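Comments concern the structure below.
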Amino acid sequence: MNLLTVSTDLISIFLFTTLFLFFARKVAKKVGLVDKPNFRKRHQGLIPLVGGISVYAGICFTFGIVDYYIPHASLYLACAGVLVFIGALDDRFDISVKIRATIQAAVGIVMMVFGKLYLSSLGYIFGSWEMVLGPFGYFLTLFAVWAAINAFNMVDGIDGLLGGLSCVSFAAIGMILWFDGQTSLAIWCFAMIAAILPYIMLNLGILGRRYKVFMGDAGSTLIGFTVIWILLETTQGKTHPISPVTALWIIAIPLMDMVAIMYRRLRKGMSPFSPDRQHIHHLIMRAGFTSRQAFVLITLAAALLASIGVLAEYSHFVPEWVMLVLFLLAFFLYGYCIKRAWKVARFIKRVKRRLRRNRGGSPNLTK
């Protein structure tokens, strides 16, 4: 396998997904698979919800053109296909949370039974003692599947954010696997990025606002499920290339945001799935940043956290228990900012005003 072949495959995936996306958005408008504006959604017009369907089509295309072995490829496509189909039905008809959670659990069970993919160990997060899960690992795996799907679903609040965060996660996993010699799984991660990039271009309006599309629940479900599937492939077993604690850093922002928001809702006596405007992107936008600026800032923060995980994994210098402690400290800092969102927003606004005053009041230098 050489770089020219890999590059050619990735470009082919990108072009195929782009063409499929333009085709799918036309079909979506005819069948009513569109997002309509309401009091929580600020977009205008009917936006096709075909990002996830197009990404899935791109991955099917990937598995069709590549000639290297990807473990459990057929099983993954079947499981992911079911989730994308249910997600598309939810986008169109608004399926209840209980039905979706039941189907996600069923798919998780199929993954564990037929793919033998489940959490058997959490690594050496308590020092020299490996935390082996035993039968409890099956239940924790179902929770991990549900958590990953919902974590990526909840960050899909502003243009580009879901695509940006998912690309960060797949890039981090892909780099670790590539340098470890796990090229097949690494190419799968890079193929996910190639299939997501066309969606980001249309979602951000780079090719024109009239071509705008949304990912939809089908897309966020697919991305979350794919992330947890690849992490289970690579963090478990005797010769795993990624430590379980590194996975936390790779999906840090979506995971932190989900846990912090659900905890906040439960404390208020609300359903953990009830919508609100307390996510990290809402906090940043209340501080005076635009939607595009919030997207860039959050994606860069996710890339920074993922880089910490990648460097620690690659160097083998920092013990796993230390990485867990550092992650928990980062999480508590994140939770503190979310809990005091208005204070943080006011502080950032004051800093921005001072910077503008200092910039405006500085004397012009002349020769």
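Here the Cβ of each residue, glycine as well, is placed from N, Cα and C on the backbone.
The transmembrane segment annotation in Swiss-Prot covers 3-23, 46-66, 69-89, 106-126, 132-152, 158-178, 187-207, 213-233, 242-262, 294-314, 318-338. Marked as topological domain 'Cytoplasmic' by Swiss-Prot: 24-45, 90-105, 153-157, 208-212, 263-293, 339-367. Look at Swiss-Prot and you will find D90, D91 tagged as site 'Important in orienting the substrate', backed by a curator's inference. The feature topological domain 'Periplasmic' is assigned by Swiss-Prot to 127-131, 179-186, 234-241. Feature annotation from Swiss-Prot assigns site 'Could be required for catalysis' to D156, D159; the stated evidence is a curator's inference.
Swiss-Prot feature annotations superimposed on the structure.
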| residue | record | Cβ neighbours (10 Å) |
| --- | --- | --- |
| D90 | site 'Important in orienting the substrate' | 20 |
| D91 | site 'Important in orienting the substrate' | 25 |
| D156 | site 'Could be required for catalysis' | 24 |
| D159 | site 'Could be required for catalysis' | 20 |
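For the topological domain 'Periplasmic' (179-186), the number of residues in each DSSP class (helix H, G, I; strand E, B; coil) is 5 helix, 0 strand, 3 coil. The DSSP secondary structure for D91 (site 'Important in orienting the substrate') is helix. Counting only same-chain residues 6+ beyond the ends of the topological domain 'Periplasmic' (179-186), those with a CB under 8 A from a CB of the stretch are 1, 68-71, 173, 230, 233-234, 241, 314. Two recorded stretches are said to be in contact when at least 3 C-beta pairs lie under 8 angstroms, sequence spacing 6 or more; the transmembrane segment (69-89) and the transmembrane segment (106-126) meet this definition. The distance from the Cα of D156 (site 'Could be required for catalysis') to the Cα of D91 (site 'Important in orienting the substrate') comes to 14 Å. Here the Cα atom of D91 (site 'Important in orienting the substrate') is found 17 Å from that of D159 (site 'Could be required for catalysis').
Counting Cβ pairs under 8 Å that are 6 or more residues apart, the transmembrane segment (294-314) and the transmembrane segment (187-207) reach fewer than 3 and are not in contact. Over the topological domain 'Periplasmic' (127-131), the average per-residue pLDDT in this prediction is 87. Counting Cβ pairs closer than 8 Å and at least 6 residues apart in sequence, the transmembrane segment (318-338) and the transmembrane segment (106-126) reach three or more and so form a contact.
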